[in-house]
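Working notes for the structure below.
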Amino acid sequence: MEKTFLMVKPDGVQRGLIGEIVKRFEQKGFQLIGGKLTMVTRAQAEFHYAEHEGKDFYERLVNFITSGPVFAMVWQGDQVIALSRTLIGKTNSLEAAPGTIRGDYAVHTNFNLIHGSDSPESAEREIGNFFQADELITYNKVVQQWI
Ligand code: GDP
Ligand code: MG
């Protein structure tokens, strides 16, 4: 089963949206297998956003993601990577559709509330950047056969 790394960014934590965001992934039918409130270190932020190094928004992005606590999570499910991106909505806040997390709650692209991995390779890197193997718990959910 596929895994993805999701993170409520500092703006989402400050705005009290952890519960709302977690609820959407639970209701979709995905399974939470790890989660913690944590501060992102500069090194973790640079590793996480390495693909954006050199872009004009990079410094601001690293400063933002390290500016306050985040809620880091690992979720599991069939096609959880692509489907999470659909629930999250487009990066550009002007394009994020109503009904998506960003479309419903984000005004500016710089404060777009949540991160979600964009590929299996990214998910593996990002999970390893925030979680030790023993922090992830695999367990059976009897409802899984209905999802
Ligand atoms: P994501 O995967 O949808 O989060 O988007 P990206 O991986 O492309 O970018 C990472 C984060 O950098 C985004 O969530 C935005 O907060 C920010 N970002 C990306 N592209 C831009 C941009 O063109 N302008 C600004 N201001 N921020 C951006
Ligand atoms: Mg991305």
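Quick reminder: no glycine exception, Cβ is built from N, Cα and C everywhere.
Residues or ranges marked as domain 'Nucleoside diphosphate kinase-like' in TrEMBL: 1-138.
Positions annotated as ATP binding site by TrEMBL: K9, F57, R85, T91, R102, N112. The 10 Å shell around the Cβ of R102 (ATP binding site) contains 23 further Cβ atoms across the protein chains shown.
The active site, pros-phosphohistidine intermediate annotation in TrEMBL covers H115. There are 20 other Cβ atoms within 10 Å of the Cβ belonging to H115 (active site, pros-phosphohistidine intermediate).
Note: the Cα of T91 (ATP binding site) and the Cα of H115 (active site, pros-phosphohistidine intermediate) are spaced 10 Å from each other. Listed in sequence order, the residues of the same chain lying 6 or more apart from K9 (ATP binding site) and placing their CB within less than 8 Å of its CB are F64, I65, V70, F111, N112, L113, I114, H115.
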